[in-house]
Amino acid sequence: MAGLGVWMMAFISLCSLNVSALLQRLQHPVKADGSLSLVVIGDWGRKGTYNQSEVAAQMGRVAEKLNIDFVISTGDNFYDDGLTGVDDPAFEFSFSKVYTAKSLQKQWYNVLGNHDYRGDVEAQLNPILQKIDPRWICKRSFIVDTEIAEFFFVDTTPFVDKYFLEPKHHKYDWRGVLPRERYLSKLLKDLEIALKGSSANWKIVVGHHPIRSIGHHGDTQELIRQLLPILEANDVDMYINGHDHCLEHIISTSSQIQFLTSGGGSKAWKGDIDKNRKDGTKFYYDGQGFMSVELEQTNAKVVYYDIFGKVLHVVNLSKALGSVHAI
């Protein structure tokens, strides 16, 4: 872990931009050959239960094979109600002591999920957690900039109306979000500015909630109305999410966007699928697992794995003349 700390200081830097509205930007290097590889996990933090540890073991094997550069978490990092504070032992029991493979001792870029907002949300955002485990980076919305791809992490929970209008017995920590309308307006504006200014070969947006899904929660209508038009107007290649406890691949019927769900990090929902809404659906798996992404200048490969490390589905994308084609 000490080596990781040196690695962080050498390669991770915060770039202060002259436009105060812009999202915080982190730099991450690619491999010597210009390629990039990573694994994606979502909806995982259950102290190793519900097969979280088994999924973690397979992640480690795939990560070693691919020599990954970093890990993306699509949120719901700690169940059921986030962290109680920076000293909550769940941070170690659900994260540090579960993802122990040497190959996973890389930077983890995390977004918040709705379950994370039910706890002390500021705890997950607090840099003090990096003193416990230097892999951990969690922010509301931010950019990871590599030479061939930019990853735009978006805080999607505040978009969802029901968390505000029908919270039921749940309590949400909205510090830093209220007034909500101003928060969302600024986030969408910042994201649009960043996407328009991006010259990256691959534009990949990461959020917790799905835009398109045939799983338990289905499409997130607030994101379809407010976020999707910005992604389509700025030639985003992939939208990666969790929230639905499954693995799925849906292609857009109106743009080049690939909708990729990786929410099978622990507890899954067997048989929970909307069989009447399969337009654009290429793959759906109602079990536990994770996803890997390999990027080159003109090619991308996305692979879905189950709890045993078996390959379930492969997505090959080719980029030419500013467009993306499935091959």
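Each Cβ is built from the backbone N, Cα and C atoms, and glycine gets one as well.
Whatever TrEMBL says is automated annotation, not expert-curated.
These come from TrEMBL:
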type    : residues                      : note
BINDING : Asp43, Asp76, Tyr79, His245   : Fe cation 1 binding site
BINDING : Asp76, Asn114, His208, His243 : Fe cation 2 binding site
DOMAIN  : 38-246                        : domain 'Calcineurin-like phosphoesterase'
SIGNAL  : 1-21                          : signal peptide
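Positions of the features from TrEMBL, shown on the structure.
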residue : record                   : Cβ within 10 Å
Asp43   : Fe cation 1 binding site : 30
Asp76   : Fe cation 1 binding site : 30
Tyr79   : Fe cation 1 binding site : 23
Asn114  : Fe cation 2 binding site : 21
His208  : Fe cation 2 binding site : 31
His243  : Fe cation 2 binding site : 27
His245  : Fe cation 1 binding site : 26
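Checked against Asn114 (Fe cation 2 binding site) by C-alpha proximity, the binding-site residues Asp43, Asp76, Tyr79, His245 yield Asp76 as the nearest. Taking the centroid of the Cβ atoms of Asp43, Asp76, Tyr79, His245 as the Fe cation 1 site, the other same-chain residues with Cβ within 8 Å of it are Gly42, Trp44, Gly45, Arg46, Gly113, His115, Gly242, His243, Gly263, Gly265, Ser266, Lys267. Note on proximity: of the binding-site residues Asp43, Tyr79, His245, the one nearest His208 (Fe cation 2 binding site) is Asp43, by Cα distance. Same-chain neighbours of the Fe cation 2 site beyond Asp76, Asn114, His208, His243, judged by a C-beta within 8 angstroms of the site's C-beta center, are, in sequence order, Gly42, Asp43, Thr74, Gly75, Leu112, Gly113, His115, Asp116, Thr156, Thr157, His209, Gly242, Gly263. It is 7 Å from the Cα atom of Asp76 (Fe cation 1 binding site) to that of His243 (Fe cation 2 binding site).
The two recorded residues, Tyr79 (Fe cation 1 binding site) and His243 (Fe cation 2 binding site), show a Cα separation of 12 Å.
Averaged over the domain 'Calcineurin-like phosphoesterase' (38-246), the predicted model reaches a pLDDT of 98.
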